[in-house]
Amino acid sequence: MTAPWADWDHVLKIDPDKSLVDGETFDDIAQTGTDAIEIGGTLDVTTEKMRRVIDACRTHEVPLYQEPSNPAVVVEDEALDGYLVPVVLNAGDPFWITGAHKEWVRIADLDWERTTTEAYIVMNPDASVAEYTGADCGLDADEVGAYATVAERLLGQEVVYVEYSGTLGDPAVVEAAAGGVDDAAVFYGGGIDGYDAAYRMGAHADTIVVGDLVHEAGVDAVRETVSGVRDAQAEE
């Protein structure tokens, strides 16, 4: 069966701890052209905040996923198409490689059919997720490519996520990740602030993830990133 993200060029990540731009709604977000909406954040995330976003998005046809930062904020809701659970391969703290996941699998009636792990490679040392997980961000492109191969070949991961949260990354690093896998999808996130950045990273990643932009600049800016990645993918 083909994975849903096989057809995704663009994912919009909503941080439940952040507000939308004044005057904009989740109805507007659903009309940006994004392929999926992912709800997740690193700091100050609660189930109540998660539910608020889920409730606001439940009536739209855009696929809706939760990316919980820890098992305590998992929300069971039929409006969700699934759960994307990060495994931080370069975490300094093993809790973020298997420890949190040990707790995850103890959730009663865990819906395995809708649960997928994402093999994160965190690359921005100043990002909250890097500090939170103690990630070794001093990796070169070859090392990132090797981590991507580990993710797919040794760990059976379907998604490799190169995360530069808060800053635009090195396209050569994303290209190396793509070169390290055969079938796994390569996601890229971080610093996508407009058409050019989306085009640049979309030339190497299968899917770009846009987050802060929707909270800081709004839906028109998000639409530009959708156009950028689609144009890049069309040229491949």
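Note that Cβ sites are derived from N, Cα and C of the backbone, with glycine treated the same way.
The candidate list Gly33, Gly138, Gly191, Gly194 contains one residue that Swiss-Prot assigns to the sn-glycerol 1-phosphate site with Lys13, Tyr161, Val162, Glu163, Tyr164, Ser165, Gly166, Gly211, Asp212, namely Gly191. Most other Cβ atoms within 10 A: among the binding-site residues Gly166, Gly211, that distinction falls to Gly211. Among Lys13, Tyr161, Val162, Glu163, Tyr164, Ser165, Gly166, Gly191, Gly211, Asp212, the residues given in the record as binding sn-glycerol 1-phosphate, the maximal Cα to Cα distance rounds to 17 Å. Taking the Cβ of Val162 (sn-glycerol 1-phosphate binding site) as centre and 10 Å as the limit, one finds 29 other Cβ atoms among all the protein chains shown.
Each of the binding-site residues Asp15, Thr42, Tyr164 was assessed for Cβ neighbours inside 10 Å, and the highest tally belongs to Tyr164.
Its own atom aside, the Cβ of Lys13 (sn-glycerol 1-phosphate binding site) has 23 Cβ atoms within 10 angstroms in the protein chains shown.
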